[in-house]
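What follows is a single structure, written as structure tokens, with notes after it.
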Amino acid sequence: MASSFQISALLLTFCVSISLTLPVRSQTCASQTFTNNNLYTHCLDLPTLTSYLHFTYDAANSTLSVAFFASPSKSDGWISWAINPKVAAMGGAQALVAFKDTTGVMTAKTYNISTSMPYSVVQSKLAFDVWDTRAEEESGVMRIFAKIKVPPELAATGTLHQVWQVGSSVDAAKGELTIHEMGASNLNSKGTLDLNGGKIVSSGGLDSRTKRKNIHGVLNAVSWGLLFPFGIVVARYLRTFPSADPAWFYLHVFCQVSAYAIGVAGWATGIKLGSESKGIQYSLHRNIGIALFSLATVQIFALFLRPKKDHKYRLYWNIYHHGVGYVILILGILNVFKGLDILQPGDKWRTIYIIAIAVLGGVAALLELITWIVVLRRKSSKSTKPYDGYGGQSRP
Ligand SMILES: *[C@@H]1O[C@H](CO)[C@@H](O)[C@H](O)[C@H]1NC(C)=O
Ligand SMILES: *[C@@H]1O[C@H](CO)[C@@H](O)[C@H](O)[C@H]1NC(C)=O
């Protein structure tokens, strides 16, 4: 029957959308080819900023050969890979930096970063020997090559802290780099490298604030961004079919109540994050969030005030309930995009969300069409009560 087909289609869509949000991992650096790429025994897809590290470590004379690849945030920007002798952090890092010099030719320089804030980033010799430095660029990707004498205390442990970064512009004449962006990917580009095994021992770990931001993002994207819209699609299209009654109603209530529960948890994490963020205010994102929470709370309580279906005010209640529902739909999706702009979790996540919401939108458009065909047929055959567009079907 059409209705069971519709339910299956909806559930399938939902499952597909959810599975699309699972991360996919395959190593990219292994397929990168460049001059002398056979010199490097190991390669790593670094966890943030779409960066790659190819390297060889000769333990006999503690010589590390590296090739670091990344795209600067603007074409005239800079890329950097650094060793931090003390901690996996920016302060005290000994950096290799590549950018275009005043004549537009790629150049590689070394920079000493001060250990304490405010950080000074000064072109200088490093705390260890660096030689054979070279930089190049190919289709927007910059590369730094260098050989490094790993200091004895680090060579003894076989691991070292690495930090990497990209920026948007350079004062090439003065050799000054502009400050990088402060997105999560810029703040988490650090970790510990195993020189011999060629793997990342720890990715430095996301700082706890970024972790909580990610949790906030997932909770809200799932509830406001997917479950609420899904529940609206259920309510709007399934009730056209008498055989889906009252199942659609329970499915709708189930979706919206779960979405609300998850959404409230996500909302609370957001309010907490906002109150801790003294320096930066994301007023629009915050205000939309508060509006969403208020409207959804009203929707849930309105359920208890719903007049009986033959009551003369039921029509007004329906108009109100649907109106607020659509406002939540639009604001919810809008705020997921606002959140993605703030969190900058990487293009992949934005694409995944766009695909999920587009699939749901596509299914809704298809169901809209089917609904109209069914309604028009029903009207012309007059075999059943016409669809009145305001939930005239029976329901508990
Ligand atoms: C380290 O040893 C390798 C061979 O094992 C050699 O190719 C390289 O030049 C040496 N580097 C230094 C700095 O001695
Ligand atoms: C790097 O800068 C710090 C001060 O910020 C200084 O103490 C240190 O000696 C410098 N290192 C080198 C190798 O110049």
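Here the Cβ of each residue, glycine as well, is placed from N, Cα and C on the backbone.
What TrEMBL says about this one:
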- H216, H252, H285, H321: heme b binding site (BINDING)
- 49-167: domain 'DOMON' (DOMAIN)
- 176-376: domain 'Cytochrome b561' (DOMAIN)
- 1-26: signal peptide (SIGNAL)
- 217-235: transmembrane segment (TRANSMEM)
- 247-268: transmembrane segment (TRANSMEM)
- 288-305: transmembrane segment (TRANSMEM)
- 317-337: transmembrane segment (TRANSMEM)
- 352-375: transmembrane segment (TRANSMEM)
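Helix, strand and coil residue tallies for the domain 'DOMON' (49-167), in that order: 6 helix, 67 strand, 46 coil [DSSP]. Highest local Cβ density among the binding-site residues H216, H321 belongs to H216, counted as other Cβ atoms within 10 Å over all protein chains shown. Taking every listed stretch (288-305, 317-337, 352-375) in turn, the largest tally of C-beta pairs under 8 A with the transmembrane segment (247-268) is reached by 288-305. Across the binding-site residues listed here (H252, H285), the residue whose Cβ sits among the most other Cβ atoms within 10 Å is H252. Tertiary neighbourhood of the transmembrane segment (288-305): same-chain residues 220, 224, 228, 253, 256-257, 260, 263-264, 267, 270-271, 317, 320-321, 324-325, 327-328, 331-332, 334-335, 338, selected by CB-CB distance under 8 Å and a gap of 6+ residues from either end.
DSSP gives H321 (heme b binding site) a helix state. The average per-residue pLDDT of the prediction over the domain 'Cytochrome b561' (176-376) is 87, rounded to a whole number.
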